[in-house]
Amino acid sequence: MADLRDTIDNQKDPDADGGSRFGFTKPGRDGIPALLVKVLFLGVVIGTAIALTPALVGERSWTFLVGIWVVTVILVATYATGRALPAKYLVPGTLMLALFVVYPIFLTAQTSFTNYGDGTRNDKQTTVDRIVGSSVVRSDDSPQYNLTIATDGDPESGPFTYFLVPQSDPETVFEGTEDGLEEDPDGVTVDNGRVTAIEGFTVLDIRQVSAAADALDEIAVPTDNGNFIVRDGTSEAFEGAPTLVYDEDADTITDTTTDTVYTAEQQGDREFFVDDEGQRLSDQSWTANVGWRNYERIFTDSRISSSFFGIFVWTVVFATFSVIGTFLLGLFFAISLNDSRVRGQKIYRALLILPYAIPGFISLLLWSSFYNEDFGLINDITGLDINWFGGATTAKIAVLLTNLWMGFPYMFLVSTGALQAIPDELKEAATIDGAGGFAGFRRITLPLLLVTVAPLLVATFAFNFNNFGAIFLLTGGGPFTPDNPTAGGTDILISYTYRLAFGAGGVQIGFAAAVSVVLFVVTGLIAALQFRATRSLEDVN
Amino acid sequence: MRRFARTLGPAAAMVLVMTAAACGGGSGSSSEPSGSDNTSSANPDGGDGGDADLLVWTDSLKIDAVKEVAESFGESNGINVKVQAISEDLQGNFVTADAAGNGPDVVVGAHDWIGNLVQNGAIEPLNLTPDELSGYSEKAVQATTYDGKLYGVPYGIEALALYRNADVVPDEPASMDEAIAAGQKAVKAGEVDSALNLPVGQLGDAYHMEPILTSFGGYIFAYDEGSGYDAQDVGIGKEGSVKAAQEISRLAKANVLRTSISGDNSIALFTSGKAAFLVSGPWALADVKKAGFEYAIQPVPGFEGQEPAEPFMGAQAFMVAANGKNKDIAQEFVNNGVNSEEAMMTLFEGTQLPPAMTAVQEQVDDPDLTVFTEAANAAAPMPAIPAMASVWEPLGKAYSAIVSGKDPVATIKSAGNTINKNIADAG
């Protein structure tokens, strides 16, 4: 046995440590092409960093700016110098790990301490601007004006003048500036109820108006009754005024028509502007830090804690059965077809891969309709009258069956590959030693197979542990009991938390992030335990 | 023989696998449109809209009609207009993109998004004159008005109606009871499998159940002309909803309402002649027309001795993004490009949705669409307040549980409690 293992080991890594023997690890001996590639690569890196700098400074994204330059310095320091040899191999992987794994986890963890979600997507300043900005009310007797914007200066910076013709009275023309409205200005050509040309002025076209929008917003053209001329698109205007005023020092919004004062008050996990009686001015709130509140909710909300354990158990059962079931079925097919006496191996193999080749989303939706009680394929063919998704047990069976169908081709592929990697001499030797048939399989084939396949089983377990699609597209987590519409009979943790975070009451990203962090820890622990078990498996071998 | 068996063993297993794979073909289960032409879903850098003076987002079903209107506006104003179809989760993508400053200038969507879009500060109110507004059907304006302000220019309205297979049931029923009785008679005679295709599904369907709820005096949120829907006054669990729940339970026991009929298969079953009646919207019309039997459409009637049924009314509207790069042009487009009889006619012809503008409504001579216009004008706008997001799931599941045989009174009351708690939790 020992000799055999050595043979296998040697087969596996004849030149595993070959790299260090060759020239490219020796400093200072790079060939010309390699040097050129290096120069070009570092040039691109530095060039990109320099090119991005002005934009990032302009956007005041200091974190990104620092991040980009730190990465650039690390890359240059690693590759432009001859020192730090191991770093040359470690740096790219480490950077990728930091960028694609650590950074998202960090961001998720950070978000989990906020109330970010629907209604709290903006910061406070933006929210106040939106609330106040949306409060413009057309004054009751305001005519709708046809608006022409013109300038006697520069079309980009102004100064701008409004020329207004009331739609109800196309003979009258007003000239609007910051000083107010003036009737009948000189040198105006009116055509079809609209000012089309003014002596000494350039009329702005629609693009120029749009480009000058910020400058135009600064201009307030007051009218006699205390209102302002408000632009309505680019070609019309009306008289009106905002009814809300924000007092920055007092942090209050006042409704000028009723003199109601709205102050910021905490309601739930967010603040709203409310009046004395707690009536909200608007449903708009803003992003804020909420500390451990989201985590507290996970562990204290009675609806979550009451269903959590049952769902956790079913998640483990679902993942375990899915892994074992698909593995056994896949292995069975792999062994059957690995026998050289079977004819038409290739056709069978091709056909067996089929479930794997159909996009999962499609087959899940199809399976979902197969299980329909009255019109589904399964009850039709078998003559059964089972309301598959109506009861928790049958729904669980249906989910497991479907996932078996979905998953076995992968295991079949993997097992076939692993089986073919086991040398026939081994089996022959075993047969000679008297371990034929099942004993040979159990003592020789299976252990060797597991060495290759076990890590994949762990990965499959982790995948199924979070196999959102299989549950969500098949049963939607159901069936549900009337007293708890948030936890369904086939819900696994991920589909359950998805519903908690996004199902009711809009998108609660902060809360979802907290749940993700908890799930991350749970799956991480399970995976760690499994890998430890896998290692002991290898030791046995 | 042994060789033969060896070949056949795996073959038998294969047959099972193949059956499952092959039979799938015919029973296309998803009725969701998922076209992806000219699509740029979740367009994080907004790069391909960058050179346009006006960027419009819509879904892939409406893109052709919207494009026509937008392009004619662009031509007459000499600007570049770009229309993009977002095929997946237009609302969610719009909110995210707008907050990041990469969104469109105008979004075309359903009126019931307005509450969520406003609470996220993603759209701006519009300032149409009272004169202009009077050109639209009252319900359409009501639907697009939120917190007393208009947030969208509506172009299409929709509501559920009752489709009847006139080959099976020749006479128009005067009430829901009559319809159900006629349907049950047809089931007994073996002409159809289902008396009434009203989608329930395993997860429930609160949208299609609304006519029953309202006919028995139930409501979801109390409505007030001035302030709109009140999230603090939830009608689920109260008297009308309890009566509706009892009726739903009775209909389920009579096998009229079934969890096996869902939004995925109800239209297909009806068009294949397996149901006497179907409760669905104008989106089913094209399929029903092709079905090859005589059909008739009427507004969903109420139950005998009860109030009239009031399905949800939905409006499709053009909204101006709060964070768009060309807000002035967007306002101009919605105020003057869309808000015109000509544009509304183009939108009607392209989408075949009952029009929201009364002048266009009068020009429609398709009797089927006229029924839908009538149905929509008699319906109540679907609540646009964010609290509605807390209602769909618990209410739908409660309906489904009642249809599966759970106690109607306890179930609907428990759903009411859940909804109230969800609303309180959501802030």
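Including glycine, each Cβ sits where the backbone N, Cα and C put it.
Automatic, uncurated: that is what TrEMBL annotation is.
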Quick one: which of A:1-24, A:217-240, A:241-264, A:265-288 does TrEMBL have down as region 'Disordered'?
A:1-24
By Cβ distance under 8 Å, which residues at least 6 away from the ends of the transmembrane segment (A:62-82) in the same chain are close to it?
27-28, 38, 41-42, 45-46, 48-49, 52-53, 56, 88, 91, 95
Intrachain residues whose Cβ lies under 8 Å of the transmembrane segment (A:308-335), provided they are six or more past its termini:
352, 396, 399-400, 403-404, 407-416, 419, 441, 449, 453, 457, 460-462, 464-465, 467, 487, 490-493, 496
Close approaches to the transmembrane segment (A:89-106) from elsewhere in its chain (Cβ under 8 angstroms; 6 or more beyond its ends):
71, 74-75, 78, 520
